[in-house]
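Q: Dumping the structure here so I can ask a few things about it.
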Amino acid sequence: MKKYVCTVCGYEYDPAEGDPDNGVKPGTAFEDVPADWVCPICGAPKSEFEPA
């Protein structure tokens, strides 16, 4: 699974880790992250992420 990076702040979404503090379980591919999920650092929408 590919990692994705927030183009606003540089936060890296790692599918192996997910974002459990915000309801995304480890092992969740970026494509399967809910559409309303936002960057946990800066609040940017999912659309601001690109493949690492």
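Positions of Cβ are set from backbone N, Cα and C atoms, glycine also.
Below are the features listed in Swiss-Prot for this protein:
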type: DOMAIN; residues: 1-52; note: domain 'Rubredoxin-like'
type: MOD_RES; residues: MET1; note: N-formylmethionine
type: BINDING; residues: CYS6, CYS9, CYS39, CYS42; note: Fe cation binding site
Q: With an 8 Å cut-off on Cβ distance to the CYS6, CYS9, CYS39, CYS42 Cβ center, who else from the chain surrounds the Fe cation site?
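A: Checked against the 8 Å cutoff, the neighbours are VAL8, GLY10, TYR11, PRO40, ILE41, GLY43, ALA44, GLU48.
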Q: Just to confirm my parser: what is the rounded mean pLDDT across the domain 'Rubredoxin-like' (1-52)?
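A: Result for the domain 'Rubredoxin-like' (1-52): average pLDDT 98.
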Q: Rounded to the nearest angstrom, how far is the Cα of CYS39 (Fe cation binding site) from the Cα of MET1 (N-formylmethionine)?
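A: Here the two Cα atoms lie 18 Å apart.
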Q: What does DSSP give as the helix, strand and coil breakdown of the domain 'Rubredoxin-like' (1-52)?
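A: For that range the per-state counts are 9 helix, 12 strand, 31 coil.
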Q: I'd like the Cβ neighbour count for the residue listed as 'N-formylmethionine', meaning other Cβ atoms within 10 Å of its Cβ, all protein chains included.
A: 12
